[in-house]
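Here is what Swiss-Prot says about this protein:
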- G46, E47, S48, R105, I134, R135: L-glutamine binding site (BINDING)
- C78: active site, nucleophile (ACT_SITE)
- H170: active site, charge relay system (ACT_SITE)
- E172: active site, charge relay system (ACT_SITE)
Amino acid sequence: MKIGVLGVQGDVREHVEALHKLGVETLIVKLPEQLDMVDGLILPGGESTTMIRILKEMDMDEKLVERINEGLPVFATCAGVILLAKRIENYSQEKLGVLDITVERNAYGRQVESFETFVEIPAVGKDPFRAIFIRAPKIVETGKNVEILATYDYDPVLVKEGNILACTFHPELTDDLRLHRYFLEMVK
């Protein structure tokens, strides 16, 4: 199994390190043709407007949508969730539009208002998961086929729809590998 990490911007290294700890072969994906070389793909946190601009400049956006629609398992964190969302509230931004959610960008505040908390994620075990929110988006609406796996303050923070897992916080910034392991199970 080979897992790609989209290498255009953001927390690329942290996701690669998490996957290496789990003994998984990785590929930092920087070219459209590399999307055919991976069994699953992580879209890291970063800055969503920069990420979509780079994807378009590299002609990777359409290929990425094609691969996701073909069933490529994808794990998006923070800005990656914004890229996948069908709708963005109160902000005009290009997106891939493959996940049936509405998001609000930077909903928890600016960088200085970033925070950590613990969330319950029954799908990965009974122990609380340390969630780090950095300029995180908020999922304000989910489609009927979107499964909510975790919430914070009654808002979804971890959702799944088919082959897509989307997390508004940064699991790659913790030592807890349970969400990466959960994603690998989706890929198998």
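Including glycine, each Cβ sits where the backbone N, Cα and C put it.
With respect to their backbone Cα atoms, E172 (active site, charge relay system) and the residue listed as 'active site, nucleophile' stand 11 Å from each other. When the neighbouring Cβ atoms lying within 10 Å are counted for each of the recorded positions (R105, R135, H170), the highest count belongs to H170. With respect to Cβ neighbours within 10 Å, the recorded positions S48, C78, I134 differ, and I134 shows the lowest count. With all protein chains in the displayed structure included, the most crowded Cβ environment within 10 Å among the recorded positions E47, E172 is that of E172.
For the L-glutamine site, whose annotated binding residues are G46, E47, S48, R105, I134, R135, the maximal Cα to Cα separation is 13 Å. S48 (L-glutamine binding site) falls within a helix when secondary structure is assigned with DSSP. Long-range C-beta contacts of G46 (L-glutamine binding site), restricted to its own chain and to partners at least six residues apart, with a cutoff below 8 Å, comprise V8, Q9, G10, D11, C78, A79, G80. Secondary structure at E172 (active site, charge relay system), taken from DSSP and collapsed to helix, strand or coil, is helix.
Ranking the binding-site residues S48, R105, I134, R135 by the distance of their Cα atoms from the Cα of H170 (active site, charge relay system) places I134 first.
Listed in sequence order, the residues G45, C78, A79, I82, N106, A136, P137 complete the 8 Å Cβ shell around the L-glutamine site centroid, once G46, E47, S48, R105, I134, R135 themselves are left out.
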